[in-house]
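Down below is the structure, laid out as structure tokens.
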Amino acid sequence: MKLLTRRAWALTAAGLSATLVLTACGNDAEGAGGEGGDGDVTITMLPKNLGNPYFDTSTAGAEEAAEEVGASLQEVGPQEASPDAQVQYINTAAQQGASALVVSANDPTAICDALNEARDAGTQVVTFDSDTEADCRDLFVNQATAEGIAKVQIDLIADQIGDAGEIAILSASANATNQNAWIEMMEAELEANHPDIELVDVVYGDDDDQTSFDKTAALLQSHPDLKGIISPTTVGIAAAARYLSESDKKGKVALTGLGTPNQMREYVENGTVEAFALWNPEDLGYLAAMAANALAAGEIEGEPGDTFEAGRLGEYTVEDDGSVLLGDPFVFNADNIADFDF
Amino acid sequence: MSETSTRPASSPPEHAHEEIRLVAPSRQSPAVRAFNTVVRSREMSILLVLVLLVAAATAKNPSFLFSGNGWRDLLLTPSILLLLAAGQAVVIITRNVDLSVGSVLAVTAYLTGRLFIDFPGIPIVVVALAGLAVGGVLGLVNGLLVSLGRVPALVITLGTMYIYRGLVLTWAGSDRINASDLPRGFLRLGTQSVLGIPVLFVVAVVVVAAVGYYLHAHRGGRELYAIGSDPDAAVLYGLPVRRRVLAAFVLSGALAGLAGVVHAARYGTVSSGAGTGIELEAVAAVVIGGVAIFGGSGTVWGAAIGAMLLVTIDRALPILGIPDFWQRAVVGVLIISAIVLDRVLSARRTRKLIEAREQS
């Protein structure tokens, strides 16, 4: 009797959940179809984490693009840039039937399953800034080639330390996709063209002000002969600049990397930092949203050779690896930093 | 007292010394007692580890201690954790825990930035007091829920940890305070020294000394230990348990609030994620410093040395050539050994006390 009751309950429960799942699927399909038909594109923007001025700027660019093409755009994201924190936001976007998801991946593989489920539900996936494995997204909007970014930072540091001496790298988290790719390229570039520069350490500040700050202190401490630091992350370079500007190594240890003008302004003006590089994240967000819109509207498939019009940035072509390249990195210094506000 | 006369007063055997120390400490001279207390204390062994660590790092790289920056960073970097550990120690001594301190720190760190932006020219003292007050209010909420609601502090402060963090997120959004938003004088405070000792460190040490002294010497402080040793007995004895526990949480909140102001001065950048995870560091510092996690024993001074050790390990291990990834493991080993040591010592003490009682 007891067994029977249990089984009956189990069957009922199974039946109910199946109904729920089926209903949910039906709703999703209808939602996505309806929106596609109306040309009413909804884009969900999912940066690595919120509270990061770099992604604030890229989202501003994406909003500008969305306004121009008449799409609606929504930004969601986790507090911390940890590998699997983005999964829940991807699931939600898929359930809401967003026509496109623009995401900067915290981890190349950890969010792959979630992204593919979203794509199965009809959401177009565009990665920007930090890519996933190529089979988890429809398009990657590349801010610059890894070679270009690595080269500009090595060129800057070589120029600032006289092409000889010890340097170290202050990176983001140890599993950050693009930072790791850049570091590899930098090592190759150093070996090939700058034999007198020695990379003595790579430390990780986890894109956290406090950690990056303390790691900078530790770097200067453990390498007394250090001539320069490269920090290929906006949070890292600002924290390192803050530490350097108040230490007795100010002006003796060069600092460069990727930073935003607003965060670095004070340190460029007080002489702690000579020059640093970046692309324009606003343009990057703008291009990513334009690409997402083109995909959602069916103008492109994301196949190599597809071309689309990206508003004020002009025409772009999808390259062989399913990516779109924004352009060359930009170098900021005391002469031009006043022209920028992001 | 009659046993005293049966024993020869001159040259007592070795075990008698030990016995007197355990059974009737007041028969020793005050100097001997003070010496014994200090040398045998848990604080001393942790201080020794700290000194050895600094010595090893300095031997490997003299600038760890003997450069202007090295000396400054040695004292300045632990300042924030010192404040949090002092508050946390008081709470843990009452057999509670406060997990919300990291979020409280974020609230007041962001508040500090906002005050400087919205009220240009506001005196630094006013901002520090505002930090203390707001932290105290947030601590009061914790204390009320724990002491009146009679819900375990672990659960309550876990909840408020998320609530307070949510508060900062809603308030700050993706906005962040940059160094250029803060007045120069305030930022300079983050590195300023008086007679070679950083101002922020002086602030932290004064707080630790005051709280430690209160717990050591005042009635209210001793009652906190009694409450932590046996809460039920404390109620039966008629101690104001609720009021004391409430006060402990207010203190912890206020110190976390002050730590937020210090955080803003030190790091110059405040985002909504400030201080994430630092609550566990504070608990770790307290445990390493010899405060029993189930309350009733340990000192704020021990917790402060634990905090210094925890922060200094982070800075010293890279110099000793231990890679980044292993540093957390080392901290874990320290915590576990602190607790194991705790158990071993207390078992030994019990055994010795029983032996001494039987012999006398």
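Each residue's number is its place along the chain shown, starting with 1.
Note: Cβ is positioned from N, Cα and C throughout, glycine not excepted.
Checked against TrEMBL, the range among B:44-62, B:329-347 recorded as transmembrane segment is B:44-62. The transmembrane segment (B:74-93) is in contact with the transmembrane segment (B:280-313), judged by 3+ CB-CB distances under 8 Å for residue pairs 6 or more apart in sequence. Looking at which of B:99-117, B:124-145, B:151-173, B:194-215, B:280-313 has the most CB pairs under 8 Å to the transmembrane segment (B:44-62), the answer is the stretch B:280-313. Where the transmembrane segment (B:124-145) meets the stretches B:151-173, B:194-215, B:245-268, B:280-313, the count of C-beta pairs under 8 angstroms peaks at B:245-268. Looking at B:151-173, B:194-215, B:245-268, the range that has the most CB pairs within less than 8 A of the transmembrane segment (B:280-313) turns out to be B:194-215. For the transmembrane segment (B:245-268), the residues of the chain that approach it from at least six positions outside its boundaries are 76, 79-80, 83-84, 86-88, 90-91, 93-94, 96, 98, 100-102, 104-113, 127-128, 131-140, 142-144, 146-147, 153, 177-179, 182, 186-187, 189-190, 200, 203-204, 207, 211, 220, 224, 227, 274-275, judged by C-beta separation under 8 angstroms.
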